Every structure is written in structure tokens, then in C-alpha cells.
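Chemist: Can you keep this structure in mind? I'll have questions shortly.
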Amino acid sequence: MNNLKKQVGIKAATFVKDGMVVGLGTGSTAAFFVAELGRRVAEEQLKITAVTTSSVTSAQAHELGIPLKDIDEVPAIDLTVDGSDEIDLELNGIKGGGAALLMEKIVATYSKDYIWIVDDSKMVEHLGAFPLPVEVVPFGCGQLFHLFDVLGFKPTFRLDDNEENLITDMGNHIIDLHLDKIEDPAALAKLLDETVGVVEHGLFNDMVKTVIVASETEGVKVISK
Ligand SMILES: O=C[C@H](O)[C@H](O)[C@H](O)COP(=O)(O)O
């Protein structure tokens, strides 16, 4: 599995050219992309500026000597590369398994180009087997939890190592929705977008045009919409 993640991370790094502002995703797959960029910065004098999508990725990039800027200090983001938790046949996805969905969606939204890198276990016919993360403001989140429960969304609070409600990099909580199968991702995204107290959700519909996927049998493939 790690070998497949490494292969797609290295492949995605070939899309990065000198002078680019690059968005660095979060998670175990994106970490291989960041590692390869770090190698190219150190060994090939690749000249890039990066913006990151989480404190974890910031720490990794800093450690590797990748020049970082705040998202509001760059004129534009040329390319962002990130992992995903599930991807359906239309390249809609669920993200946020690592609780970074809010920063990830902001960075993706302001990127000219956006690529997901995954092993083939993430490719699914329908989204929803992976619990859908919803980032919520702490104030009133118990009421919101109850609303999701009444709607049949089978909510659970994401907990940290101390069994407390997890606090994201943006100071919010995460409620995971155990939906099993999302029949209409666009309709669900609209409902969540319109729900007071929801900051962002992990449905990334129609955002990505390119997915790099690796499997044991077929190697690395680039899928474009
Ligand atoms: O919040 C985390 C991100 O959305 C990750 O990109 C996603 O969870 C995939 O992570 P991994 O590559 O570790 O499976």
C-alpha cells in the first residue's frame, strides 16, 4: 500500500516545474508527494514556493526545507496535489479523514490546477462507505449533532487521543456522518452548505480534473475528466 502511495506521490511531483506556487495536501499519500518535492528542492535545486493545507504538512515541508508562504502572501496557486479518501466514477470525492478538509478545500478552490493521488482502494462506484467529515463550529454543535441524528445521518464526533472532541487546525470540531451510500452528492453538499453551524464538509464534488491512481496489477495511471 505504501509503495503504491509512494509511486503516485513521485509521479505527481513530475507535474511541478520551476517557479510554481504549489499547494501541498495532507495525509499519508500527500506526504510522499511532499517528500519527493523536498528531495528535488535539495538535490535538483527546484525553485518553488509552497502553501500548505495543515499544520502537519507545514511541519513536514519546513523540515525538508521547502520554502513556505501563507496562502494570502502568494498571487495565485499554480498546482495543488492532495490525497483523497474515496473517489467515485465522476471524480467526486470524500476528503477529511485527516481532519484537514477546510484548509484543503480553500487551497484547492484557489488553485489553477488540482490533482488527487491515490491507491486503487480509494476508487469506488458510490461515495459514502467512508464516513463523511463535516467541520462544525463548536458553539451549538450538540444541537447540530442532534439535527444530523434526526435526519438519519448516523453522526459521531471525531475524538482525539484523549477521547475529547477533536479540534481542527482552524479551531473547529468534526462530525462524521455514517451514510453508507450517498445517492446524490450534489444534493447532500447543498444541504450541508445551507446548514447553520457547518463550516465545511468533505464532499469535493466536481473539483478535480486529474487523478493519479496506482494499483499492483496496472501500475500508475493518470485519469482525466
Ligand atoms: O484530511 C485529510 C485529507 O483529506 C487526506 O487527503 C485524506 O484523508 C487522504 O489521506 P490518506 O492519503 O492518508 O489516505
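Our numbering is plain: 1 for the first residue shown, then up by one each step along the chain.
Including glycine, each Cβ sits where the backbone N, Cα and C put it.
The shown structure was predicted, so the numbers you read here are calculated from the model rather than taken from an experiment.
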Chemist: Of Lys11, Lys47, Lys122, Lys154, which does TrEMBL put in the substrate site with Thr26, Gly27, Ser28, Thr29, Asp82, Gly83, Ser84, Asp85, Lys95, Gly96, Gly97, Gly98?
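Modeler: When TrEMBL describes the substrate site, the candidate it includes is Lys122.
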Chemist: Fewest neighbouring Cβ atoms within 10 Å: which of the binding-site residues Thr26, Ser28, Ser84?
Modeler: Ser28
Chemist: Would you please pick out, from the binding-site residues Lys95, Lys122, the one with the fewest other Cβ atoms within 10 Å of its Cβ?
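Modeler: Lowest Cβ count within 10 Å among the binding-site residues (Lys95, Lys122) is Lys122.
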Chemist: Please list, in sequence order, those binding-site residues from Thr26, Ser28, Asp82, Lys95, Lys122 with the Cβ less than 6 Å from ligand 1.
Modeler: Thr26, Ser28, Asp82, Lys95
Chemist: Determine which residues of this chain, when Thr26, Gly27, Ser28, Thr29, Asp82, Gly83, Ser84, Asp85, Lys95, Gly96, Gly97, Gly98, Lys122 are set aside, have a Cβ within 8 Å of the centroid of the substrate site's Cβ atoms, and list them as they appear in the sequence.
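Modeler: Neighbours within 8 Å of the Cβ centroid, excluding Thr26, Gly27, Ser28, Thr29, Asp82, Gly83, Ser84, Asp85, Lys95, Gly96, Gly97, Gly98, Lys122: Gly25, Ala30, Ala100.
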Chemist: Validating a neighbour-count step here. Other CB atoms within 10 A of the CB of Asp82 (substrate binding site): how many?
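Modeler: So the number of other Cβ atoms within 10 Å of Asp82 (substrate binding site) is 30.
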